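Pulled from Swiss-Prot, these are the features on record:
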type: DISULFID; residues: Cys8-Cys22; note: disulfide bond
type: DISULFID; residues: Cys58-Cys73; note: disulfide bond
Amino acid sequence: LGKFSQTCYNSAIQGSVLTSTCERTNGGYNTSSIDLNSVIENVDGSLKWQPSNFIETCRNTQLAGSSELAAECKTRAQQFVSTKINLDDHIANIDGTLKYE
C-alpha cells in the first residue's frame, strides 16, 4: 500500500491538497494532485485515516520530510496541537497519478 514518495518528487501541500510529480510506467512523469480532505479526519487533535473534512479544524498544513502531512489541529477543548500523519501509508503512485489505497 501507498509509498508514493518512492516514485514522486517535488511534493507540496497547499491546504488539504497534495501535489507531486510522479513517475509513469512508460518512464515519463506526470504532475498529479489529490485532495486529502476526503480520506483524513481530525480526531481530537490527531490526524487519522478516515473519510472526513480535517481541513475545517486544522491549520498550517505542510509537508514534513518527503511523506508526512504536518498540521495544527483543534482538540475537543478547542486548543490547537501539532500532529502528523505518514501519507506513504495509503497514498500511492499509480502510473503517474496519486491515489488513496
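Glycine is no exception: its Cβ is also placed from the backbone N, Cα and C atoms.
These numbers come from a predicted model, not from an experiment.
Across the structure, Cys22 (disulfide bond) and Cys73 (disulfide bond) place their CA atoms 29 angstrom apart. Reported as a whole number, the C-alpha separation between Cys73 (disulfide bond) and Cys8 (disulfide bond) equals 27 Å.
The two recorded residues, Cys58 (disulfide bond) and Cys8 (disulfide bond), show a Cα separation of 25 Å.
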